[in-house]
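S.K.: I am attaching a structure below and will ask some questions about it afterwards.
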Amino acid sequence: MSEIILDIQNLTKYFDIGSFGTKKYVHAVEDVSFELHKSETLGIVGESGSGKSTLARLILGLIPVTSGKVYYEGDEITGVKGKYASKVRSDIQMVFQDPYASLNPRIKIGESIAEPIIVNKLIKNKKDVRLRVEELLNLVGLQPEMYDRYPHEFSGGQRQRIGIARALSLNPKVLICDEAVSALDVSVQAQVLNLFNRLKDELNLTYIFIGHDLSVVKYVSNRILVMYLGEIMEIANTEDIFINTQHPYTKALISAIPEVKSKGIKERIILKGDIPSPVNPPEGCRFYSRCFKAQDKCGKTHPELREIDTDHFVRCHFSEKGGNKWLDI
Amino acid sequence: MNNIIEFKNFRMGFKDESGNEFNLLDDISFEIKEGVALGVVGESGCGKSMTSLSVLKLLPSGVTIQGGDILYKGDSILDMNQEQMEDIRGKDISMIFQEPMTALNPVHTIGFQVGEALKVHFPGMKNSEIKANVLEQLELVGIPNPETRYYQYPHQFSGGMRQRVMIAMALICNPKLLIADEPTTALDVTIQAQVLELMKNIKQKGSMMLVTHNLGVVSELCDEIVVMYAGCVVERGNIGEVFENPKHPYTKGLMAAVPSLDSKGKELYTIPGIVPTVKNFEKGCRFSPRCEESSEACKGIKPELTRVGDNHFVECWKYNNSEGSPCQK
Amino acid sequence: MARYITKRLLKAFLIFFVSITITFFIIRFMPSNPVDLLIDPKMGPEVQEAMMEEFGLDKTKGEQYIIFLKQLLQGNLGTSFKSREPVSQVIMQKLPWTLLLLFIVVILSLAVGIPIGVYSAKHRGKFSDKLINIVVMVGISVFVPFLAFLFLYLFSYYFKLLPTGGAYTPPPAKGIRYVIDVLKHAILPSLTLFTANVASILMYTRNSMIDVLEEDYIRTAYSKGVKENKVIKVHALKNAMIPTITVTGLMMGSMVGGAVMTESIFSWPGIGRLIYDSVSALDYPVLQGSFIILALSVIIMNIITDLIIAWIDPRIKLEG
């Protein structure tokens with residue numbers, strides 16, 4: 001594999017929600033480690049409480065970590081301040097689910113896109129800034145004339161393009177897309193997904209693509225990381241995740257996707273119960289309460305993340321190299 | 001088979017502040033047969049929710065009926081007065097809404113809200129009888145400990161559980177038709193699978209009208225499908241026929257735009273252009289400006305619904321051989 | 001629950017302490033000397049000094065404050081400079097009159113404001129709603145003393161229907177005739193305060209009702225076949241009442257001491273009038289005592305409001 005651009009080591013984030021001496025922590029992200037390679041797309045999937053969005057914010061340094069380290073191109077960036085921090089911050093950018101919420105309704109979209117360029121003094125000449133913004137608009141498939149329009153004049157898909165243009169304005173190397181297409185209609189979603197793929201090739205970007213829709217994440221990702229209640233459950237190459245599924249939770253997620261199939265309905269694993277709260281989670285396997293393969297051991301011993309095959313890590317006592325027959329139901 | 005609901009060339013719209021009249025739903029015709037689950041599919045703004053709300057006459061104020069009719073068991077719903085409608089709502093036809101978080105009243109107990117329809121429609125029923133019915137229904141939709149849950153409030157329920165409560169509430173009077181508007185959209189993937197399973201189990205009990213943007217959900221739950229675009233029914237018919245052999249360019253585009261589990265690596269098909277707003281609907285075929293198969297003629301005259309299979313209709317000039325079809329010229 | 005109450009009381013105590021401390025010093029720093037008002041210039045300086053000593057004004061402000069706190073702990077609010085009666089006694093004579101006015105006004109405002117507010121919300125945008133809105137705007141923006149004088153001129157002077165002031169015609173009558181007499185005197189001050197307060201209750205009810213009627217659960221209720229009146233009564237009103245209850249609580253709390261102008265114009269013998277008189281007489285202890293009552297009533301109303309809201313809305317938990 002190519003060189004490592006981001007190295008995440010034992011990243012942990014607890015949110016203290018206790019009051020008056022009672023100890024209550026949301027275990028939002030717990031001991032998460034992975035490497036992000038240059039020019040790859042790493043998909044992160046998970047449901048509510050999985051910590052996937054918190055993880056993105058930790059990497060960007062938007063919230064302080066409880067423990068653990070983030071290395072960018074070999075240098076530690078956790079808690080770094082000053083000039084280097086702003087360089088890192090412009091190298092790693094984020095695209096959000098709802099770009100409308102982050103666009104000021106009274107500011108022309110061109111000026112919104114230009115703002116990071118001006119703040120970071122990337123280009124000083126006003127005329128050049130405008131040229132650069134028009135170039136960016138062009139890049140994301142909008143017309144340069146749209147510079148002078150306001151956010152409400154755009155459709156959902158176009159706003160997402162504006163959000164992407166703004167994220168690209170600082171020439172980032174890594175783009176973290178947090179549910180970036182989740183709010184879009186199918187046909188618009190397809191346009192934005194194609195745009196992401198095209199930009200990746202044109203600008204040699206590296207993506208972390210966070211989503212809850214496994215079919216979308218599969219479509220864009222080289223590798224997929226599955227999270228549940230703050231922990232990594234499984235991480236592997238996209239093909240491996242689907243063909244050689246090792247974790248029962250991954251298996252359930254894959255089977256849960258409603259697909260257009262004219263012939264027969266696929267076998268579906270229905271997990272029992274609700275997603276537990278990430279506040280003071282149990283000692284054993286976090287997935288124990290809902291797992292269709294749970295054994296006594298799972299409730300007592302916390303499984304470690306093991307490499308059961310090349311680049312295929314699983315947090316389950318029972319997964320093993322080669323077969324996933326034991327997961328059949 | 002008898003029709004529970006029949007839309008006959010139903011037209012509906014609204015007037016803006018300056019008195020200009022706009023059309024939202026144009027010439028909607030389809031029927032929901034007894035015991036059949038019908039899926040209404042389309043993207044945001046296609047009028048699918050308006051269609052479902054029309055059945056119960058729960059349309060927002062300011063909306064005007066512009067023509068056609070909706071029949072419930074042969075009787076015109078549009079002719080019914082307030083009292084007759086109240087009699088049908090919740091008893092013969094009931095509804096499940098998308099947002100389980102806001103669709104339940106925060107200040108009343110679950111027991112009260114589920115039992116309310118019984119209280120309204122069967123004034124003679126004793127409270128003990130109502131409670132017994134409610135408990136049975138809660139049990140049926142898979143809510144554990146109904147005795148305790150009966151006295152709890154919506155905020156004490158998770159999203160999935162609230163949607164189950166909504167379903168229990170809708171089913172309490174054994175309605176002839178259940179209308180479900182995006183019942184699983186707001187839920188987590190594994191919870192969505194649970195609720196879909198529940199919906200599959202209850203659909204045998206009567207007719208169902210499922211409104212959704214998710215083709216996969218329709219494919220799993222429904223027998224028939226109606227595809228809507230910009231307030232028009234563009235294609236409808238038997239689910240197998242439509243999915244295996246989609247005719248309308250929009251249906252084809254929509255299906256191709258979904259990243260399926262095996263579309264990896266290929267560019268997703270995208271429908272050119274964007275969804276029109278009410279104020280700039282095309283005079284003829286409303287899809288024609290975005291249609292790759294359209295001719296100049298499609299823009300002038302609205303196509304008629306044409307039969308293309310046993311139970312398969314398309315609203316597109318391409319399939320119309322009658323005289324006056326612009327494609328025949 | 002117990003923890004909520006302890007926490008709440010602690011907070012209330014702190015607010016109470018801070019507010020009486022502030023008022024204590026504001027009163028003491030008023031730029032004149034109460035003794036000057038009571039003293040005949042012919043009195044000798046030794047008499048003046050004796051009076052200063054009697055009132056405790058010869059000591060520094062800090063010492064006065066300590067004495068005040070000590071007395072307060074014993075439930076002693078001091079002695080009035082003017083009437084030489086214990087302050088608690090002075091206040092207890094006035095308080096019932098203010099409470100009488102308060103209850104008439106609050107009950108009337110709720111009884112009128114809520115139904116009209118709901119009606120207005122139901123008919124939003126229609127002519128009746130627009131008309132109500134105009135009346136409300138006038139009600140909110142009107143200057144209260146102007147209103148008081150207008151009523152006084154119309155009903156007492158021009159039509160000569162109602163008494164011009166006081167709470168009863170002296171000497172007080174007996175039995176039912178006394179009650180009728182008092183109520184007659186209460187009409188104009190109540191009407192003045194009612195006009196000033198009903199508008200805000202009406203407006204809050206209308207606005208929150210409009211918001212609630214847009215909620216998804218209202219549509220759910222209609223989809224079950226619930227009739228419109230029932231939807232409003234059972235599903236909307238309880239949710240819409242929360243802002244109304246909050247303003248009512250605030251209104252009641254402040255009215256205990258706040259109706260200064262109205263009570264003064266109508267010579268209504270309540271706390272507001274007492275405050276007015278005490279300011280003119282620089283009667284520190286009575287002024288201080290009135291403010292203590294005011295602070296207490298605001299704090300108590302606040303707690304009661306929170307309890308009622310928690311009772312209505314199950315989402316609010318009474319926990320620390």
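Including glycine, each Cβ sits where the backbone N, Cα and C put it.
Taken from TrEMBL, the feature domain 'ABC transmembrane type-1' covers C:95-305. Taken from TrEMBL, the feature transmembrane segment covers C:12-30, C:97-119, C:131-155, C:186-204, C:240-266, C:286-312.
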S.K.: How about long-range neighbours of the transmembrane segment (C:286-312): same chain, 6 or more residues beyond its ends, C-beta under 8 Å?
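M.R.: The answer is 8, 12, 15-16, 19-20, 23-24, 27, 68, 72, 77-78, 80-82, 87-88, 90-91, 95, 238, 241-242, 245-246, 248-250, 252-254, 256-258, 271, 274-275, 278-279, 318.
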S.K.: Sort out the residues at least 6 away from either end of the transmembrane segment (C:240-266), same chain, that have Cβ-Cβ distances under 8 Å to it, and list them.
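M.R.: Distant contacts of the transmembrane segment (C:240-266): 98-99, 101-102, 105-106, 109-110, 113-114, 117-118, 121, 144-145, 148-149, 152, 164-166, 185, 188-189, 192-193, 197, 200-201, 204-205, 207-209, 211-212, 272-273, 275-276, 290-291, 293-294, 297-302, 304-305, 308-309, 312-313.
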S.K.: Using a Cβ cut-off of under 8 Å, list the residues of the same chain at least 6 residues beyond the transmembrane segment (C:12-30) that approach it.
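M.R.: Apart from its flanks, the transmembrane segment (C:12-30) reaches 61, 64-65, 68, 72, 282, 284, 287-288, 291-292, 295-296, 299, 302-303.
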S.K.: Given a Cβ distance threshold of under 8 angstroms, which distant residues of the chain, six or more beyond its ends, lie next to the transmembrane segment (C:97-119)?
M.R.: 128, 132, 167, 182, 186, 189-190, 193-194, 197-199, 201-206, 209, 232, 237, 240-241, 244, 248, 251-252, 255-257, 259, 263, 268-272
